Amino acid sequence: MAFGEFDLIDNYFTHRWPQRDDVVLGVGDDGAVLALPQGAELVVATDTMVSGVHFDEQTPARAIAHKVAAVNLSDLAAMGAEPAWLSLALTLPEADQDWLNGFSHGLKEICDYYGCQLIGGDTTKGPLTVTVTAHGFVPAGTALRRDGAKPGDWLFVSGCIGDAGLALAVQQQRTTISDAHYRRVLERLYFPSPRVALGQNLREIASSAIDISDGLVADLKHILKASNVGARVDVDELPLSLAMTESVAADAAIDYALSSGDDYELCFTVPESRRGVFDTVLAHHPAKPICIGRITNEANTLTLLRNDEPWFSQREREGYDHFS
Ligand SMILES: [Mg+2]
């Protein structure tokens, strides 16, 4: 059910936005018409964010827009896809001009940065809910998947993890940290950077990949299950930010890195035979992925080690099981 006052949304979401040559027909008709490159396969991802579930009232509209686009682009990155088009479904309680300004600004920024065009959408009155569908492409047969990891492959993460979870813990008053560090980790919670360029560079190098949305352990588990393998992770190798290491004790930092989500780094595996090519590609790449362990042949078994001794998270020490 679209309604009158939302006609103005057209103005917010089309004027001076990126235009791509492969959009034959964009916003304004019943459907978009899009031209796929020769020999490409289409990769499609959708994510919804609901007020009160995925973000709270204090979250700026600009951050909501950035994040809902970023989580979709992160899924495309995990598939090795080059992003191209976004569509938007927006449910709003009211047509608040300030909110719409902030939201459209945030969405335009990320579209500009990644060269994506908004190709359509829908607006409805109701409780605040934002859904984005991202479309991208890969050369046929080269998409990164979760099911290709093999025993002996090296396991990597693309950057520091745990920061968004630390920001959330501060927001929910479960811990306190300095204002300077809070600003840094809040930036990671509100404005995650999907590893779009790295994902494309990993095509034909990585044997499997996933983006870290729910926490390293939870998401790595998806690779282990799909590939029918296990993994050994050295928790001392987990990349941690300065904001993290200066704010919490060493064990707590490892717990954040293992268990909290929302950082949108990539977790991926590289076969020994591709390690040389991988190191060469990375030498010219701004991202600095860190090797955190290796894939094993013990199906669905994740072993956490510290100084070669088994390591258990706080939750496990309290009786929770990561695999329950
Ligand atoms: Mg994902």
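Backbone N, Cα and C atoms are what each Cβ position is placed from, and that goes for glycine too.
Noted in TrEMBL for the protein shown:
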BINDING   D30, D75  Mg(2+) 4 binding site
BINDING   D30, D75, D211  Mg(2+) 3 binding site
BINDING   T46, D47, D122  Mg(2+) 1 binding site
BINDING   D47, D75  Mg(2+) 2 binding site
BINDING   H54, D262, Y320  substrate binding site
BINDING   G121, D122, R146, S213  ATP binding site
BINDING   D214  Mg(2+) 5 binding site
DOMAIN    28-138  domain 'PurM-like N-terminal'
DOMAIN    150-298  domain 'PurM-like C-terminal'
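Structure with TrEMBL features highlighted.
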| residue | record | DSSP (3 states) |
| --- | --- | --- |
| D30 | Mg(2+) 4 binding site | coil |
| T46 | Mg(2+) 1 binding site | strand |
| H54 | substrate binding site | coil |
| D75 | Mg(2+) 4 binding site | helix |
| G121 | ATP binding site | strand |
| R146 | ATP binding site | coil |
| D211 | Mg(2+) 3 binding site | strand |
| D262 | substrate binding site | coil |
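On the backbone, the CA of D47 (Mg(2+) 1 binding site) and the CA of S213 (ATP binding site) stand 11 Å apart. With D30 (Mg(2+) 4 binding site) as the anchor, the candidate binding-site residues are H54, G121, S213, D262, and the one with the nearest CA is G121. Within the set of binding-site residues H54, D75, G121, D211, D75, D211 have a CB atom less than 6 Å from some atom of ligand 1. Nearest in space to H54 (substrate binding site), taking C-alpha to C-alpha distance over the binding-site residues G121, R146, D211, S213, is S213.
Separating the Cα atoms of D211 (Mg(2+) 3 binding site) and R146 (ATP binding site) is a whole-number distance of 10 Å. Mean pLDDT across the domain 'PurM-like C-terminal' (150-298) comes to 96 in this model. Nearest Cα neighbour of R146 (ATP binding site) among the listed binding-site residues (T46, D75, D214): D75.
Proximity to T46 (Mg(2+) 1 binding site), judged by a C-alpha distance within 10 Å, picks out D75 from the binding-site residues D75, G121, S213, D214. For S213 (ATP binding site), the nearest neighbour among the binding-site residues D75, D122, D262, judged by Cα separation, is D262. Between the binding-site residues T46, S213, S213 has the most other Cβ atoms inside 10 Å of its own Cβ, all protein chains included.
Here the binding-site residues are D30, D47, D122, D211, D262; the one with the fewest Cβ atoms within 10 Å of its Cβ is D30. In this view, the residue listed as 'Mg(2+) 5 binding site' is surrounded by 15 other Cβ atoms within 10 Å of its Cβ, with every protein chain counted. Among the binding-site residues G121, D122, D214, the ones whose Cα sits within 10 Å of the Cα of D262 (substrate binding site) are D214.
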